[in-house]
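As structure tokens, the structure follows; a few thoughts come after it.
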Amino acid sequence: MLATPPSSADASPDEKTAIKSHLHYTQSLTEIPHHQRRSSRWLNRIQRRHVVAILAFLGFCQVYALRVNLSVAIVAMTANRTIISEGNTKIEQDFDWDSKSQGIILSSFFYGYAVTQIPGGWLATRIGGKKLFGLGILVTAIITLLTPLLAWTGFYYLVVGRIIEGIFEGVTYPSIHAVWSRWAPPLERSRLVTIAFSGSYFGTVISLPLSGYLAETFGWASIFYVFGTIAIIWCIVWLIVVSETPQEDKQITEEELDYIRATVGPAANHVKVNMDPPWKRFVTSLPVWAIMLAHFSENWGFYTLLTELPTFMKDVLGFDLKHAGLLSALPYLVMGTVVQIGGQLADYLISNGHLSTTKVRKLCTCGAFIFQTLFLIAAAHATSATAVVACLTVAVGFGGFAWAGFSVNPLDIAPQFASILMGLSNTVATLPGMISPLLTGHLVQRKTPEEWQTVFYIAGGIYLAGAVFYAMFASGKLQRWAELPDGEMLCADTHSRASTEDLPFGSGTCGDSD
């Protein structure tokens with residue numbers, strides 16, 4: 001049975017049209033009585049879903065700051081130092097790890113990270129995405145504070161510590177999709193999701209040069225103390241300010257609550273749909289595989305450069321640690337900006353009926369991968385430091401458009417299972433984090449430009465393969481196996497030209513186009 005659509009006077013679902021009268025299910029408007037709701041003028045100027053997005057953005061800044069600081073710190077930890085004592089000169093280093101040992105340390109994080117992706121997605125549907133997201137970052141921050149102690153204790157203690165960090169960071173991406181399944185209206189999915197995910201890149205931008213500065217000024221141990229402390233402060237704010245559902249938020253206005261309830265559906269109202277995850281459907285669905293392989297392709301190039309770019313800058317371009325950290329951060333500054341632009345553009349194209357959701361997801365993902373391939377190959381053959389940095393900056397930056405495609409896609413095809421699909425996707429996408437540093441360590445033995453060219457060629461080839469598969473099999477439509485049992489849905493106004501593939505719950509009976 002379908003809910004009565006909004007009047008034709010309105011162009012698309014918004015806060016004026018998506019009101020309580022369009023809800024098909026029966027439930028009280030709020031779980032918190034109106035007189036208990038607190039409000040303040042400055043808070044009311046920012047809609048609560050945007051508050052969630054801003055804090056999620058800062059959360060992903062912490063996720064990546066805690067993850068990548070070791071990429072810079074390990075250069076300082078293994079650097080040779082000239083010590084003059086009693087007229088004698090000698091060369092020392094804190095840790096004598098060779099390139100293979102460093103590869104093991106850098107990749108160990110991802111062994112833990114891969115383990116909790118799918119359990120994290122399932123757990124987020126049970127205990128709530130907000131709690132799990134905060135807990136994952138909190139434990140990672142604590143281990144980060146202990147990292148210097150672990151390193152001095154022994155090589156394998158550090159490896160185990162990084163694995164534990166990976167285990168708890170592994171729940172962050174799946175759990176945030178559980179948050180958005182309750183908070184993100186369909187026609188705002190791309191922008192809200194990409195605002196949050198762009199924090200990953202701004203976190204990288206901040207942490208890489210800051211890590212270099214801290215290592216040069218205060219010693220490499222200070223990197224872990226500073227970032228661990230900041231992350232713990234963020235966790236406290238997140239757990240206090242953000243609510244699991246709009247219904248539980250005491251600061252939300254009635255207008256915004258009505259809008260989210262009417263467009264998102266039962267998930268925004270704490271209604272639990274008793275549907276067991278269709279695991280067989282997940283692994284046999286080509287649109288799901290398209291998401292997973294696109295995520296794998298993007299992460300291969302991203303992790304290759306994320307973990308190895310400081311070393312590449314030092315070995316091939318001859319930059320010292322401080323400059324290597326600064327220039328390594330530049331591509332991610334561009335990417336963080338492009339991620340948000342891509343999200344805005346995707347929602348604009350969908351909500352105004354210019355392109356279907358399927359076409360927008362493919363355009364963003366495949367277009368980004370093709371450009372990344374071209375500029376990685378250009379970087380491999382560039383003859384000057386300026387050209388190399390420019391090509392790598394553009395190559396990494398274009399990846400921002402891909403995140404407006406495949407990363408939002410789970411919310412399109414199966415919103416109530418989006419956290420689990422993100423867990424599946426991120427499990428596959430974690431493999432590059434394990435393989436790429438080890439492969440690079442084996443390929444780059446003499447630290448020559450030719451060895452690094454091979455690294456870039458491999459990344460470019462994987463981008464191209466991901467683009468082809470996603471173009472062939474991706475979809476932006478709600479999958480039949482993800483439909484609600486009773487067929488509850490809210491149809492968009494026909495004048496909005498937004499098809500049911502843009503809505504979270506539907507059977508496709510409102511008519512859609514591809």
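Cβ from N, Cα, C; glycine included.
Just so you know, TrEMBL annotations are computer predictions that nobody has curated.
Residues or ranges marked as domain 'Major facilitator superfamily (MFS) profile' in TrEMBL: 66-478. Under the heading transmembrane segment, TrEMBL lists 51-77, 104-125, 132-150, 156-180, 192-214, 220-241, 282-303, 323-342, 363-381, 387-406, 413-435, 455-473.
Beyond its flanks by at least six residues, the transmembrane segment (363-381) meets 294, 297-298, 301, 342, 345-346, 355, 387-388, 391-392, 394-396, 398-406, 452-453, 456-457, 459-461, 463-464, 466-467, 470-471, 474 of its own chain at Cβ-Cβ distances under 8 Å. Between the transmembrane segment (132-150) and the transmembrane segment (220-241) there are at least 3 Cβ pairs closer than 8 Å, counting only pairs 6 or more residues apart in sequence, which means the two stretches are in contact. Per-stretch counts of Cβ pairs under 8 Å to the transmembrane segment (51-77) identify 192-214 as the leading one among 104-125, 192-214, 413-435, 455-473.
Same-chain neighbours of the transmembrane segment (104-125): 67, 70-71, 74, 97, 132, 136, 155, 158-159, 162-175, 177-178, 277, 307, 416-417, 419-424, 426-427, 430-431, 433-438, counting only residues six or more beyond its ends whose CB sits under 8 Å from a CB of the stretch.
Contact check: the transmembrane segment (192-214) against the transmembrane segment (282-303) gives fewer than three Cβ pairs closer than 8 Å, residues 6 or more apart, which falls short of the contact criterion. Below 8 angstroms of C-beta separation, residues 51, 55, 58-59, 62, 65-66, 69, 72-73, 76-77, 94, 130-131, 133-134, 137-138, 140-142, 144-145, 147-148, 207, 210-211, 214 of the same chain, each at least six residues beyond the ends of the transmembrane segment (220-241), sit close to that stretch. For the domain 'Major facilitator superfamily (MFS) profile' (66-478), the mean pLDDT of the prediction comes to 85.
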